[in-house]
Amino acid sequence: MTFNGQLASGSEWVKRLKGGVNLNQNVDLSCIIVIFGGTGDLTHRKLMPALYNLAYQQMLPEDFAVVSIGRRILTDEEYRNQVKQSVEKYSRFPMEEEIWKGIESRIYYLEFDFQDNHGYIRLNNVLKNLDEKYKTNGNRIYYLAVSPEHFEPIVDKLKLYGMNAKENSHRRIVIEKPFGRDLQSAAYLNEKITLAFSEENIYRIDHYLGKEMIQNIMVIRFANVVYESLWNSKYIDNIQISSSEIVGVENRGGYYESSGALKDMVQNHMFQLLSLIAMEPPASLNTENIRDEKVKVLQSIESVTPEYIKENMVRGQYGKGIIGNNEVLAYREEEKVAIDSDVETFAAMKLHIQNYRWAGVPFYIRTGKRLANKSTEIVVQFKSLDKVLYFKEFDYLEPNLLGIKIQPCEGVYFQMNGKKPGVENEIIPIQMDFCQNCNLENNSPEAYERLIFDVMKGDSTLFTRWDEVEYSWRFVDAISKVWKNIQSDLPIYNSGTWGPDEADDLLKKDGRNWWNI
Ligand code: BG6
């Protein structure tokens, strides 16, 4: 790769950002990214803007090209124009013609059906020619930005035409979620993929892992001495992990009907957050050491009985309601959703991690669509002291809370008690609130920028290893089996609220409440 260290733009913070980019590496970034699903939403909204943003920060090598594959008939030029419009709309950096020109000429489009053998023969030839042209050394990243039914045929054909491996080159595959519908289908898919690619070349995307503050969880925990000594059942009362969305299912009713909040959010994103917040310190910062510790958390989640699930897990579905000033549809009125659908758009649960550190500490998880706010955060509630000194003097003191704010606001929040200024002896909660993204516009890279760059570098730390997927499906399967059989009691909540009352009751009966920071 080449990196000339020149800045492409004059704006002050871009300089700072670029100053911070660590291109130290003797890592070979050269590659052709082959995007299956080149005309899809994901490519236009996320992947292409991410590539542009990497180019903007001069993080793309010169020996690099993109080949997008789709079923629409388009010339390279037509495709490039469409991509340009998407970049203009979704990129966090402004469109700068000079930068765009640099990347545009390296984007190619091929039309074929993913089942069509001839398509792969053509693709192989195109790639070989581009290898010559751009000196990409046969390195490939196959990005499957397609719906899951295409995963298997694409992998099969890549193998059939020997495009899955080449000596002295790397061949990596990136798989979007959902990775299976349940454990069985995930295991089947995994088997198929591993016939063609080795585990080290499989990058299972969970885009939450590309978010700045999620990467920060390990740093906050393990780069500060104060937290680690308190990070256990002796000092922590409970941990809450919440991810709420304002949007409904948008145009994904068809997919969502076979998924629901449990499989769409809990199995992947929420469990990733859980493993990062609860894991033991890894032996080193090496990818496999980190993954080993994460998977142990998933293995240690206490198994659940149908009775436990009924008592400690809540689901709900959004009804009509007001969001902003607009009345929005109920889930059952959405496109491609059955009018008597019993799919949950909200899930909340209490879990226990059965290990030495966490025995007795409840972990509450909650996620839902059409809620009052868009926010993802983790709140660690510390225990209060017994009745001594101020804890004796005052009937109630607010607990210490550590909040890790993941989005949209990124930062860390700590709540403690202080004296209210004045002559009265009054104690009030005071907050230290660090906002990472308040002052620096465009500061945080989009998750996909980081993730694509990591695939180029060959760093799979922020991707899910098979056993993580396996253990999370094991657990989620148990819940979904029980929920399937109790169809009658699905609470409907009004859009624009915090979900069904049952979710509040889940904590109330433990003498607790959800914290919204
Ligand atoms: C996706 C889910 O994985 O994550 C969507 O399929 C959800 O349903 C989305 O809306 C949420 O992601 P983010 O980054 O907006 O929190």
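We count from 1, first residue shown onward.
Note: Cβ is positioned from N, Cα and C throughout, glycine not excepted.
The candidate list Arg45, Arg71, Arg221, Arg252 contains one residue that TrEMBL assigns to the NADP(+) site with Asp113, Phe114, Lys177, namely Arg71. Site annotation for substrate in TrEMBL covers His207, Lys211, Asp264, Lys369, Lys374, and the matching candidate from Glu228, Glu245, Glu393, Glu398 is Glu245. Site extent for substrate: among the recorded binding residues His207, Lys211, Glu245, Asp264, Lys369, Lys374, the largest C-alpha separation is 20 Å. In the three-state DSSP classification, Asp264 (substrate binding site) falls within a helix. With respect to their backbone Cα atoms, His269 (active site, proton acceptor) and Lys211 (substrate binding site) stand 11 Å from each other. Filtering Arg71, Asp264, Lys374 by Cβ distance to ligand 1 (under 6 A) retains the following binding-site residues: Asp264.
Cα separation, Lys211 (substrate binding site) to Phe114 (NADP(+) binding site), rounded: 31 Å. When the binding-site residues Arg71, Asp113, Phe114, Lys177 are screened for a Cα within 10 A of the Cα of Glu245 (substrate binding site), none qualifies. Listed in sequence order, the binding-site residues near Asp264 (substrate binding site) (C-alpha within 10 Å of its C-alpha) are Lys177, out of Arg71, Asp113, Phe114, Lys177. The binding-site residues listed here are Asp113, Glu245, Asp264; among them, Asp264 has the most other Cβ atoms within 10 Å of its own Cβ.
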